[in-house]
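Features from TrEMBL:
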- 62-81: transmembrane segment (TRANSMEM)
- 88-106: transmembrane segment (TRANSMEM)
- 118-137: transmembrane segment (TRANSMEM)
- 144-165: transmembrane segment (TRANSMEM)
- 177-194: transmembrane segment (TRANSMEM)
Amino acid sequence: MECWGRGRLVAGAGLWAVRPAYVVVELLVASVARGHDLCDDAVSRLGAVGCTASVCSPGHEVLNATFVVVGALLAVGTVLLAPQLGRLVTALLVAAGLSTALTGLVPVDVAPARHALAATPLFVAQPLALGLLAARVRRAHPRLAGLLATTAVGAGAAGLGFVLLDGAAGTGLAERVALWPVLVALAAAGAVLVRGGPYRTIA
């Protein structure tokens, strides 16, 4: 049983560890897209199926599939790491993973309202989960707690900025600041959480 317990944690951390590769995929898709600005345009536009005279993303299928994979990696990795995370953090991160996966199944130009509905939990659940996880590991791993807390604040503020900008200049930058650092922070958290606690009980 102890071997299985250790093995599931290592597997979960491994799934989290590969998620930052998403950034490379997104940048590659953006590099072949026409009319996409990383600072001003939302990530979802790279997953748009249709093309206009000024905007087209030939790699939309790759990006949408990557959304599904990265979301699944987060959800499954979280379940495997659940003993170290606590119930509330686990629930929030599973919700974030499912949210990510659903955005890939419902492209923004196919069903805009459903796409927005699918994506919204991600921007709420991730900062909350990181903040709670920071509090949970603060005594055992203060440096990790600092990283998680800083990322939570930054992601939350950037996510709010993304919503308020609503397609204006800087929208893409705000969204990416809300999402990219979380990939790295959780990968780091997974590597540390394998070592064990004790951790403060949050929920």
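Placement of Cβ uses the backbone N, Cα and C atoms for every residue, glycine included.
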If we skip the immediate neighbours and take only residues 6+ beyond the ends of the transmembrane segment (144-165), which ones have a Cβ under 8 Å from one of its Cβ atoms?
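Sequence-remote neighbours of the transmembrane segment (144-165) are 42, 123-124, 126-128, 130-131, 133-135, 137-138, 171, 174-175, 177-179, 181-182, 184-185, 188-189, 192.
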Using a Cβ cut-off of under 8 Å, list the residues of the same chain at least 6 residues beyond the transmembrane segment (177-194) that approach it.
6, 9-10, 12-17, 19-20, 22-23, 43, 74, 77, 81, 84-85, 93, 122-123, 126, 130, 133, 137, 141, 144, 147-148, 151, 154-156, 158-159, 161-162
